[in-house]
Amino acid sequence: MSIVINNIGLLVTNDPSVGTDELGQIRNAAVVICGDRIAWVGPSAQAPAADHQSDMAGACVIPGFVDSHSHPVFAGDRSDEFDARMNGQRYEAGGILRTVRRTREAPMGFLDAVMTGILDEMARSGTTTVEAKTGYGLDVETEVKLARVASSHTDEVTFLGAHVVAPECQPDEYVRLVCGEMLHAVRPYVRWIDVFCETGAFDPDQTLEILRAGTDAGLGLRLHAAQLGPSEVIPQACELGLAAVDHCTFLSDEDIDALKATGTVATLLPAAEFSTKQPYPDARRLFDAGVTVALATDCNPGTAFTSSIPFCLAIAVREMGMTPEQALWSATAGGAAALHRDDVGVVKPGARADLVSLAAPSWLHLMYRPGVPLIDRVCKAGRFLRLDQPRLRLDG
């Protein structure tokens, strides 16, 4: 079955071979979808016939957002920590263990309901591809439970057993557990492995050991680094074949050179800095150096509890030195690059049919009018979603 989506006032394709700029913008456009894939893109007047039609009434249409960094499987509410930070308390990474305790106690059905609620929020915000991390179990049983829940919702599941050291373990003992029994147990459910390399979590040697174990298990590599301070691990980790380094607030020139030389994506997470009152990363410095940049939510219960890419777009252009064009690209095609995907974050023949129409004449309004619900319709894999108001419950 095919459908032609026509009368698109302004279409962003992220395909520079069409349109007039890097965003591949086309005015008065149409898109033909066959099944879950895009079959044709071009001017409305030239659109081929299809079985069905959908009239966008002149709306602006963009690719679905690609959120390449999120932590949506957990239990428990940490709003009190946000309140403490807003009252002057300094952010440290210790709150993760509060979520671990609640998550270990939660049944799988409850965790699935939490993730479903967050994904519904994301869909209402225009997100159609989500990377989801484990990391709130820190024992074999719970990490497997989190991986199973996440894998029932997305193909982009990341094993983050190396979030912090489990409270019942010594650091070296826990690294052995992560690299051995835990990794083996979660392997059927995950595509990626990630490590939180920061003071209070894992040091560079431990980080490299865990990443190498992930490589041996056939997983793609991701890294949290340079969020709380400079990191020594990034150049060495990039040589292992990282897909992305995430946070990237405190990067050295050597770090940026390594990202560029290895084609590693720098994923920026402005909602984390917004919530923790930490300095924002300098996105312009990365773009000027030719590094590929992604923009994601870091949706998590402690330091960035937002599911909204549009919110992150607004922060990125105001606080991080991104142009609006760079921000939109980073939240779509950039996120796809961070996941080594070429079938999402773009509107072109062969790509998955993920489209978002806006209740605005231009995508610029996503940043120009922050906080306004401008997402009108969302098409994911060729199906228009029903955007019900999600009901998120964090405590059983």
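Cβ from N, Cα, C; glycine included.
Binding of Zn(2+) is annotated in Swiss-Prot for His69, His71, His224; the matching candidate from Asp298, Asp342, Asp343, Asp354 at the same site is Asp298.
Among His52, His153, His163, only His163 appears in Swiss-Prot as part of the 4-imidazolone-5-propanoate site alongside Arg78, Tyr136, Gln227, Thr303. Secondary structure at His69 (Fe(3+) binding site), taken from DSSP and collapsed to helix, strand or coil, is coil. Cα-Cα distances to Tyr136 (4-imidazolone-5-propanoate binding site) place none of the binding-site residues His69, His224, Asp298, Gly302 within 10 Å.
In this structure, the C-alpha atom of Asp298 (Fe(3+) binding site) lies 14 angstrom from that of His163 (4-imidazolone-5-propanoate binding site). Only His163, from the binding-site residues Arg78, His163, Asn300, place their Cα within 10 Å of the Cα belonging to His224 (Fe(3+) binding site).
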